[in-house]
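Marked as domain 'Phosphatidic acid phosphatase type 2/haloperoxidase' by TrEMBL: 94-218. The annotation transmembrane segment is assigned in TrEMBL to 6-28, 35-54, 66-87, 175-195, 200-220, 226-249, 261-283.
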Amino acid sequence: MESVLAAWQVATLGGIVSWIMISSCLNVTQKLRSLLQPWVTHYVIIGTPFILQIQKYQHKFLDSLFSGLSCVVSVPFYTGFLPVVFWSGHVKLARHMTLLMAFCDYLGNTIKDTVSAPRPSCPPVRRVTATKDEKENALEYGLPSSHTLNTVCLAGYLLHYVLSYSQNNYAVTQFAGVALLCLLVGLIAVGRIYLGMHSLVDIIAGLALGLAVLAFWLTVHEYVDNFIISGHNVLSFWSALSFLLLFAYPTPELPTPSFEFHTAFNGVTLGIVAGVHLTYYQFHHEAAPLIFSPQLSIPAFVGRILVGMPTILLVKFCSKALAKWIVPVISNTLGIPIKSTSYIPMLNAPVKGKESDKIKQSSYAQKLFFFSGQDIFDVDTGIRFLQYAGLAWSVVDLAPSVFAHLRL
């Protein structure tokens, strides 16, 4: 492995750093928001009668149907679904869907917090939040619809994979697949309006962005895959990229959970990339045993799930506990003033006297972060990032090692 980054890697990282600095100095987020927010808000307001028209058909069955569909295409669902895909032997599909999910999550949430456009006003709109996940989603801004964006991209890529894997060139089969995809996207879009979570402008934006992202991903996914498998400086480059993406995120008008979701999937991506790169020829190569084959029977696959799920949950718990100890120690050693919103209650206590004077002093480490515009750093971000990086690594490295040991 080369010891220095390639020119394109340096250019990529340098471009992100430059963007962070320029956008911070020129207040790019605020300028974009002042331009886009009034326009989007106008269409949210004038779209309210359309939502009320759809909600006239209110029924318990429709409440359950659309709430269930929202859960099936939600981030928590994919978080539980993707490890199962990895362990089924379709490792290429799993890693691409994970990377695509992280890309959609970052792009969608970046636009949400940049525009900071409201969701439909409730009342008069009736908002149905049947699950904890939906209640958290309701705290985010509206445009674009993440559910629509994610469904277009992930279901679209799944269809592409199935047709390519089966090498099915029949027009009837391809038409049926596209028709099912359109039906699913249509149900999700109507459901988001029916549940009072989005306006029509949010759905249109999510659909347009989803189609653009899917087209882009289908163009570059093989290049990304080849880099992860056999590229140079994969771990160093992706670690630096993940770190910078924590800063290359807009500050919303009001706090939302969107940045937390981005942090989690950013960590997941790093864990997946690192694990696949290090163990590709052991567990993730093209000849890996597939489900329903003699090498991976249904009982063995069920055994993988029964062993793998507790394993990754244990790693998630341990990595969180370890991160809660390591991150504050490193921050204090570097002289970075820190706080914790939820993970470490003692860091929420007000700082007085000499400790307050120390925080006011500028250290070299703080100067390195001048582009962030923050005086005190929330260690919850680092803890969450390491926690989910450890979780993802266990899915593609630790758990398969356990499976191999148990002959599953």
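Start at 1 and count along the chain as shown; that gives each residue its number.
Backbone N, Cα and C define each Cβ position, glycine as well.
For the domain 'Phosphatidic acid phosphatase type 2/haloperoxidase' (94-218), the DSSP counts in helix, strand and coil order read 92 helix, 0 strand, 33 coil. Here the transmembrane segment (261-283) has long-range neighbours at 75, 79, 91, 95, 98-99, 101-102, 105-106, 109-110, 228-230, 234-235, 238-239, 242, 245-246, 249, 381, 384-397, 400-401, 404, meaning same-chain residues at least 6 beyond its ends whose C-beta is under 8 angstroms from one of its own. The list of residues near the transmembrane segment (66-87) in space but at least 6 beyond its ends in sequence, with Cβ under 8 angstroms from a Cβ of it, reads 93-95, 97-98, 101, 105, 128, 130-131, 133-134, 137, 147, 150-151, 154-155, 187-188, 190-192, 194-195, 197, 261, 265, 268, 301, 304-305, 308-309, 312, 395-396, 399-400, 403. The average pLDDT computed over the domain 'Phosphatidic acid phosphatase type 2/haloperoxidase' (94-218) stands at 88.
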